[in-house]
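Enquirer: This is the structure I have questions about; it appears just below.
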Amino acid sequence: MKTGNQFNTVALVGRSNTPNIAEPLATLAACVAKRGFEVVFEAETAREIGITGYPALTPAEIGARADVAVVLGGDGTMLGIGRQLAPYKTPLIGINHGRLGFITDIAAADMQALVPVILSGKFEREERALLEARIMRDGEPIYHAIAFNDVVVNRSGFSGMVELRASVDGRYMYNQRSDGLIVATPTGSTAYALSSAGPILHPQLAGIVLVPIAPHALSNRPIVLPDDSKIAIQIVGGRDVNVNFDMQSFTALELNDTIEVRRSKHTVPFLHPIGYSYYATLRKKLHWNEHASNEDDKAS
């Protein structure tokens with residue numbers, strides 16, 4: 001638990017093109033400003049909802065000026081702003097206004113009660129890992145990106161299987177024929193990797209997971225690697241192969257292109273309410289323990 005007020009400027013970020021988001025954002029802005037904090041808005045958010053009276057800043061300006069960012073939206077909104085603010089080490093507070101909400105853990109109905117408490121200095125902090133990747137073609141880097149959840153190499157919807165050659169730290173691992181391969185952070189282990197039968201990694205685990213997508217051989221299983229591993233995936237066969245970063249940006253690949261993936265030097269700080277439990281999140285989102293139980297989280 002971190003105590004002691006260390007925040008002065010609070011940035012608000014909302015999910016663009018989301019119906020009914022303007023009112024909760026305006027309510028949150030008033031709630032935070034009333035407690036003496038300077039409130040700024042991410043520029044696209046301010047433009048989309050038509051709010052005035054607060055500075056509208058780019059993500060880079062938020063990183064330089066704001067002490068914390070409060071994100072109202074779904075996991076995709078959190079992923080997007082998290083990647084942009086990671087170089088500035090700006091902490092994030094996530095309010096769920098989407099559907100699943102693995103990383104936006106505060107319910108919208110609770111934001112006026114919980115956000116001021118966190119901003120007063122009472123919170124639980126954790127650092128989330130990122131991946132950085134680059135595409136090599138003929139020995140030269142042609143594309144670079146970072147990912148919060150995962151780097152996914154996969155075929156297009158109308159092509160056949162791809163053949164990939166994977167190596168770790170310069171050591172050959174395998175060739176596999178499949179629909180693709182997911183390289184995921186612990187945060188990303190509950191995203192696409194989970195739907196492909198990958199394991200759940202606790203967010204504080206220092207690991208990277210490789211998960212095949214519909215492999216031709218059932219012996220091609222997910223594997224968890226140390227988080228200092230350097231992973232290389234070469235396109236050996238197939239056509240119309242793409243690489244996606246958090247499923248939000250992608251680029252087409254050619255035969256013999258290599259995707260190099262490693263843990264980023266940046267992390268994203270998350271601030272949670274006191275009493276936050278990752279296991280409670282899993283129970284709720286994955287519908288574990290569906291039957292009524294008197295076993296609740298107890299303070300240690």
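Cβ atoms here come from the backbone N, Cα and C positions, even for glycine.
Annotation comment: Swiss-Prot describes ASP75 as active site, proton acceptor, evidence class sequence analysis. Residues or ranges marked as NAD(+) binding site in Swiss-Prot (evidence: sequence analysis): ASP75, GLY76, ASN149, ASP150, ARG177, ASP179, THR190, ALA191, TYR192, ALA193, LEU194, SER195, ALA214, GLN248.
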Enquirer: Give the distance between the Cα atoms of TYR192 (NAD(+) binding site) and ASP75 (active site, proton acceptor), rounded to the nearest whole Å.
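Expert: It is 13 Å, counting Cα to Cα.
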Enquirer: Can you tell me whether DSSP puts ALA214 (NAD(+) binding site) in helix, strand or coil?
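Expert: In three-state terms, ALA214 (NAD(+) binding site) counts as coil.
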Enquirer: Please work out the number of neighbouring Cβ atoms within 10 Å of the Cβ of ASP75 (active site, proton acceptor), leaving out its own Cβ.
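Expert: Other Cβ atoms within 10 Å of ASP75 (active site, proton acceptor): 24.
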Enquirer: What does the structure give for the C-alpha distance between ASP75 (active site, proton acceptor) and ARG177 (NAD(+) binding site)? Integer Å is fine.
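Expert: With distance taken Cα to Cα, ARG177 (NAD(+) binding site) is 31 Å from ASP75 (active site, proton acceptor).
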Enquirer: Determine, from DSSP, whether ASN149 (NAD(+) binding site) sits in helix, strand or coil.
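Expert: The residue in question, ASN149 (NAD(+) binding site), is coil (DSSP, three-state).
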Enquirer: Around LEU194 (NAD(+) binding site), how many other CB atoms lie within 10 A of its CB?
Expert: 18
Enquirer: List the same-chain residues at least 6 positions away in sequence whose Cβ sits under 8 Å from the Cβ of ARG177 (NAD(+) binding site), in sequence order, or say none.
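Expert: Same-chain residues close to ARG177 (NAD(+) binding site) (Cβ under 8 Å, separated by 6 or more) are MET161, VAL162, GLU163, PRO215, HIS216, ALA217, GLY237.
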